[in-house]
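A.B. asks: Could you have a look at this structure, given as structure tokens, before my questions?
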Amino acid sequence: MKTYLKKIELLRAESSYSGALCIIESSLEELKGLAKGFLHLSEYEYFKTLQYEKRQHSYLLGRYCAKMALMQCLSCKDPSAIEIAPGVFQQPVVRHQGTENIQVSIAHGDSWATAIAFPEEHPMGIDIEAIATGNAQVIDEQLTAQERLLIRSSGLKAPLGEVLFWTVKEALAKTIRCGLMIPLEIIELKKFEEEKDFYLSYFTNFDQYKVQSYLIEGNALSIALPKNTKMQLTDLNI
């Protein structure tokens, strides 16, 4: 299993918060061997109902990654004592005695997963996608004319530009707790910049947010957060 796990500082002009980021790559077989040790009883009972290996893999990836991030922010050191239950829109809801209002955002794909734990008063969202040609062709049809123009002017080549923009939109959609159940033009990008170690995106209709995006071993990873928060990720290697 490849693992990146680190606490992160979220700095604002008059306050600061702490969160945690986890990224993993792992096989289904490895995760199955660990499942009883990190799944809550209700999670394990649900896992046993999953018939298909792809669904089993994504479920274990997401839960394991989320528990690792959450334990960086909670006093709990037993991942099976933390339950991540689905909300009415399938959003992850953290249940644990003494949770201290910590929430989590989860994303997964193929053998990768990522999760970010954060205080409830400081909303965040995360997404990860493989940079693959097949993904780009489907995504391009969902982008606005403004977003296609931003990709061309940025110099990003296919499939990177399309996949990266999709993760940006997904991360914001999770942050505002609507998923992709809204017209995608509502979460249109208006500005896209390349920084030294990451990409930075801003939005037409959600000026209070920004997204920082990173490239990790063939994947695009995006984290949405309040625009006036400073978040620095270092040594983002697995």
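Keep in mind that glycine also has a Cβ here, set from the backbone N, Cα and C atoms.
Feature annotation from TrEMBL assigns CoA binding site to Arg55, Arg63, Asp127, Glu170, Lys174. Feature annotation from TrEMBL assigns domain '4'-phosphopantetheinyl transferase' to 123-196. Feature annotation from TrEMBL assigns Mg(2+) binding site to Asp127, Ile128, Glu129.
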A.B. asks: Can you tell me how many other Cβ atoms are located within 10 Å of the Cβ belonging to Asp127 (CoA binding site)?
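C.D. replies: Neighbour count, Cβ to Cβ under the 10 Å cut-off: 26.
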A.B. asks: For Lys174 (CoA binding site) and Glu129 (Mg(2+) binding site), determine the Cα separation and express it in whole Å.
C.D. replies: 15
A.B. asks: In this structure, which of the binding-site residues Arg55, Arg63, Lys174 has the fewest other Cβ atoms within 10 Å of its Cβ?
C.D. replies: Arg55
A.B. asks: When you measure from the Cβ of Glu170 (CoA binding site), how many other Cβ atoms are you left with inside 10 Å?
C.D. replies: 22
A.B. asks: Provide the three-state secondary structure of Ile128 (Mg(2+) binding site) computed with DSSP.
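C.D. replies: It is in a strand.
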A.B. asks: Applying a 10 Å Cβ distance cut-off over all chains shown, what neighbour count does Glu129 (Mg(2+) binding site) have?
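C.D. replies: Step by step: centre on the Cβ of Glu129 (Mg(2+) binding site), count other Cβ atoms within 10 Å, giving 23.
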A.B. asks: List, in sequence order, the same-chain residues at least six positions removed whose CB sits under 8 Å from that of Ile128 (Mg(2+) binding site)?
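C.D. replies: Listed in sequence order: Ile23, Ala107, His108, Gly109, Trp112, Ala113, Thr114, Thr167, Ile216, Asn219, Ala220, Leu221, Ser222.
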A.B. asks: List, in sequence order, the residues of the same chain other than Asp127, Ile128, Glu129 whose Cβ lies within 8 Å of the centroid of the Cβ atoms of the recorded Mg(2+) site.
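C.D. replies: What remains near the Cβ centre is Ala107, Gly109, Thr114, Ile126, Trp166, Thr167, Glu170, Ala171, Asn219, Ala220, Leu221, Ser222.
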A.B. asks: I'd like the per-state residue tally for the domain '4'-phosphopantetheinyl transferase' (123-196) from DSSP, helix first, then strand, then coil.
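C.D. replies: Here the numbers are 38 helix, 12 strand, 24 coil.
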A.B. asks: For the CoA site as recorded (Arg55, Arg63, Asp127, Glu170, Lys174), determine the largest distance between any two Cα atoms, in Å, rounded to the nearest integer.
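C.D. replies: Comparing all Cα pairs, the maximum is 20 Å.
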A.B. asks: What three-state secondary structure does DSSP assign to Arg63 (CoA binding site)?
C.D. replies: helix
